[in-house]
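**Q** The structure is given below, and queries will be raised subsequently.
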Amino acid sequence: MRIVLVGPPGAGKGTQAAFLAKNLGIPHISTGDLFRANISQQTELGKLAKSYMDEGNLVPDEVTIAMAKDRMEQPDAVNGFLLDGFPRNVKQAEALDEMLKSEGMKLDAVLDLEVPEDEVVKRIAGRRICRNDSAHVFHVSYKPPKQEGVCDVCGGELYQRDDDSEETVRRRLEVYHTQTEPIIDYYRAQGLVVTISALGPVEEVTQRAMDALKREDASK
C-alpha cells in the first residue's frame with residue numbers, strides 16, 4: 001500500500017508509523033529522517049537543504065519533493081511506503097500525485113489520526129525531560145516520576161522544554177490547521193481520507209488503523 005499519514009503534533013504519528021510500516025511490510029519514510037540522512041551524507045540535496053536551514057529559512061518545496069522522490073525510487077519502496085511529514089502542503093501533494101502518476105501508480109489511502117486539541121495540549125505540555133539525559137522522558141499524568149521533578153533513572157532534574165509549553169503547542173496547532181487541513185480537503189475530494197481516533201493505548205490505535213486500512217483496501 002501507498003499511504004500518507006497525517007495528524008496534529010502529539011498524535012503519535014512517529015510511533016504509529018513505525019508499527020504500521022512493520023505490520024504492512026513497507027518502509028516508513030519520514031521527512032525528518034530524509035533531511036538528516038541527506039545532510040549527514042552530504043548529498044547535493046542535503047547541502048542545498050542545509051544552506052537554507054543555516055540561514056534560518058524554510059527549505060523550498062522543490063528540494064523536499066526531490067528528496068522524497070529519490071527515496072520513493074529506492075527498491076524497498078517499489079511495492080509501497082508510508083509517508084510521514086510529506087506532503088506538507090497542497091503544492092507538495094500535487095507533486096506527489098504527478099510523481100506517482102508518471103510511474104503508473106497512485107496513493108491508496110491518507111490516514112488521518114484524530115486527537116482533540118485539548119488532549120494534544122495535555123500530551124505535549126505534560127512532558128518532562130531529564131536535564132542529564134534527554135532519553136529519560138516522563139509525563140505529569142501518564143508517566144509521572146516517583147518524586148516530582150526528579151528523574152527516576154539518574155536523579156537528574158526534570159524540566160519542560162520551551163517547545164512543550166501550552167502557548168507554543170497551541171501555536172503549532174494553528175500552523176498545523178493552516179497547512180494541513182487544505183491537504184486533507186485535497187485528498188478527501190479524491191476519496192482517499194481514512195480518519196481514525198488516535199486516543200487510547202498505542203496497540204489499540206495501531207489495530208484501529210490496520211482495520212481501517214484493510215477496509216479501505218478491500219473497497220477498491
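In case you wondered, yes, glycine gets a Cβ from its N, Cα and C as well.
Owing to the predicted nature of the structure, the values given are computational and were not obtained by experimental measurement.
The ATP binding site annotation in Swiss-Prot covers GLY10, ALA11, GLY12, LYS13, GLY14, THR15, ARG127, VAL137, PHE138, GLY200. The region 'NMP' annotation in Swiss-Prot covers 30-59. The annotation AMP binding site is assigned in Swiss-Prot to THR31, ARG36, ASN57, LEU58, VAL59, GLY85, PHE86, PRO87, ARG88, GLN92, ARG161, ARG172 on the grounds of sequence analysis. The annotation region 'LID' is assigned in Swiss-Prot to 126-164 on the grounds of sequence analysis.
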**Q** So which residues does the region 'NMP' (30-59) touch in its own chain, when a touch means Cβ under 8 Å and the partner is 6 or more beyond its ends?
**A** 14, 17, 66-68, 70-71, 84-86, 88
**Q** Starting from the Cβ of ARG161 (AMP binding site), draw a 10 Å sphere and report how many other Cβ atoms land inside it.
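**A** Within a 10 Å radius of the Cβ of ARG161 (AMP binding site) lie 12 other Cβ atoms.
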**Q** Of all the binding-site residues given, namely GLY10, GLY12, PHE138, which is spatially nearest to ARG161 (AMP binding site) at the Cα level?
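**A** With Cα distances computed to ARG161 (AMP binding site), the winner among GLY10, GLY12, PHE138 is PHE138.
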**Q** Just to confirm my parser: what is the rounded mean pLDDT across the region 'NMP' (30-59)?
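**A** Result for the region 'NMP' (30-59): average pLDDT 92.
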